[in-house]
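Accompanying notes for the structure given below.
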Amino acid sequence: MSEKFPPLEDQNIDFTPNDKKDDDTDFLKREAEILGDEFKTEQDDILETEASPAKDDDEIRDFEEQFPDINSANGAVSSDQNGSATVSSGNDNGEADDDFSTFEGANQSTESVKEDRSEVVDQWKQRRAVEIHEKDLKDEELKKELQDEAIKHIDDFYDSYNKKKEQQLEDAAKEAEAFLKKRDEFFGQDNTTWDRALQLINQDDADIIGGRDRSKLKEILLRLKGNAKAPGA
């Protein structure tokens with residue numbers, strides 16, 4: 001045990017008084033050198049980290065160089081009386097102003113493009129509405145023409161039908177009148193019934209009709225012709 005923890009008197013240690021923080025730091029370092037890693041804890045790492053502020057300062061300085069403060073690089077942001085934010089440029093060369101001018105120009109260009117698109121869309125809608133209105137008028141005219149043409153065809157059909165019907169009625173009346181006249185003339189002849197019967201048959205081919213021999217009937221009618229005293233005359 002005495003070998004691991006030799007008396008402090010045997011060590012060449014300078015106990016020159018310094019501020020409390022340096023004494024604590026030197027004491028911890030000496031203890032760490034003597035004991036090594038055998039009794040090292042997480043608290044020792046924390047104390048060592050706190051005892052080396054110079055390293056942390058270097059890291060903070062490197063971070064600030066890589067990522068400078070926005071307010072110090074591009075200007076401070078302040079609020080006016082109306083509560084709107086204003087940006088004051090911290091660059092003497094006006095580079096930040098140029099960046100904001102470029103941004104505002106791009107924004108205005110975008111708004112101009114939107115206005116142009118809106119105007120183009122409105123013009124297209126107006127043209128489309130005019131085209132639809134003209135198409136509706138043409139369709140209405142075509143519809144009216146078709147209706148007039150259909151009415152004309154229907155009228156022509158009924159006119160033609162009525163004319164044909166009247167003509168057929170006239171022809172039928174004439175045929176009936178001619179038939180009645182012929183009938184009256186036929187029965188008004190000064191002859192016998194057998195004479196009129198003989199007029200109704202074809203004397204040239206009256207011998208065979210429908211495969212039957214009619215020559216005997218023809219011979220009888222020829223004998224009764226002109227005989228007013230014959231039975232049934």
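Every residue, even glycine, has its Cβ placed from backbone N, Cα and C.
Listed features, source Swiss-Prot:
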REGION    1-124  region 'Disordered'
COMPBIAS  17-43  compositional bias 'Basic and acidic residues'
MOD_RES   THR49  phosphothreonine
MOD_RES   SER52  phosphoserine
COMPBIAS  56-67  compositional bias 'Acidic residues'
COMPBIAS  69-92  compositional bias 'Polar residues'
COMPBIAS  112-124  compositional bias 'Basic and acidic residues'
COILED    125-186  coiled coil
REGION    144-204  region 'Involved in binding clathrin heavy chain'
Overall pLDDT for the region 'Involved in binding clathrin heavy chain' (144-204), taken as the rounded mean: 89
Helix, strand and coil totals (DSSP H, G, I; E, B; other) for the region 'Involved in binding clathrin heavy chain' (144-204): 52 helix, 0 strand, 9 coil
Summary of DSSP states over the compositional bias 'Basic and acidic residues' (112-124), given as helix, strand and coil counts: 13 helix, 0 strand, 0 coil
Helix, strand and coil residues within the compositional bias 'Acidic residues' (56-67) as assigned by DSSP: 11 helix, 0 strand, 1 coil
